[in-house]
Amino acid sequence: MLFFGFLLAFLSAVPGTEGEIIPRCELVKILREHGFEGFEGTTIADWICLVQHESDYNTEAYNNNGPSRDYGIFQINSKYWCNDGKTSGAVDGCHISCSELMTNDLEDDIKCAKKIARDAHGLTPWYGWKNHCEGRDLSSYVKGC
């Protein structure tokens, strides 16, 4: 019985791998408050579509692409934008540790995502957006919010 108590205490102390799933309309509100509507010619619907297809609204989303990795709700890449200490030749364009992009505090994620969009003049760096959102009617992503 003591073993199970120890195991339960240990598992409670280990951070979850699922992260916080931010409800769609809550994220719409956050992005509006941070000036995403019209930013670099994008709409809130573009960003919501991007997030759905990149991370499914999960703040701790992680994707290993082999030579680099994607982190957080916007799936920001370690080759160009953040430092994970593992990616050879990383640029660290946002001057941030990739682990900071996997918290429930979205401030750093938002700053970096806006820098990426500003540098690219849009959302083309994100394959989730290019493959699922670009040129489509995205009104359903903000409907009811």
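Cβ coordinates are placed from backbone N, Cα and C, and glycine is handled just like the others.
The feature active site is assigned by Swiss-Prot to Glu54 (among others). Within its own chain, Glu54 (active site) has Ala61, Asp70, Ile73, Phe74, Gln75, Trp126, Gly128, Trp129 as residues 6 or more apart in sequence whose C-beta sits under 8 angstroms from its own.
What Swiss-Prot lists as active site is Asp70 (among others), and the listing cites sequence analysis. A simple way to gauge crowding: the CB of Asp70 (active site) has 24 other CB atoms within 10 angstroms, across all the protein chains here.
Long-range Cβ contacts of Cys145 (disulfide bond) within its own chain (separation 6+, distance under 8 Å): Arg24, Cys25, Val28, Lys29. Residues annotated as disulfide bond in Swiss-Prot: Cys25-Cys145 (among others).
On its own chain, Cys49 (disulfide bond) has Trp129, His132, Cys133, Arg136, Leu138, Tyr141 as residues at least 6 apart in sequence with a Cβ closer than 8 Å to its own Cβ. As annotated by Swiss-Prot, disulfide bond applies to Cys49-Cys133 (among others).
Residue density at Cys82 (disulfide bond): 30 other Cβ atoms are found within 10 A of its Cβ, drawing on all protein chains shown. If you look up Swiss-Prot, you'll see Cys82-Cys98 (among others) marked as disulfide bond, on the strength of sequence analysis.
A C-beta separation below 8 Å, combined with a sequence spacing of at least six in one chain, links Cys112 (disulfide bond) to Phe74, Ile76, Trp81, Cys82, Cys94, Ile96, Leu101. Per Swiss-Prot, disulfide bond is recorded for Cys94-Cys112 (among others), and the stated evidence type is sequence analysis.
For the domain 'C-type lysozyme' (20-145), the model's pLDDT averages out at 97. According to Swiss-Prot, the domain 'C-type lysozyme' annotation covers 20-145.
Residues annotated as signal peptide in Swiss-Prot: 1-19.
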Number of helical, extended and coil residues in the domain 'C-type lysozyme' (20-145), per DSSP: 53 helix, 12 strand, 61 coil
For Cys98 (disulfide bond), nearby residues of its own chain (Cβ under 8 Å, 6 or more apart in sequence): Arg69, Tyr71, Gly72, Ile76, Ser78, Cys82, Asn83, Asp84
Neighbouring C-beta atoms (10 Å sphere around the C-beta of Cys25 (disulfide bond)): 13
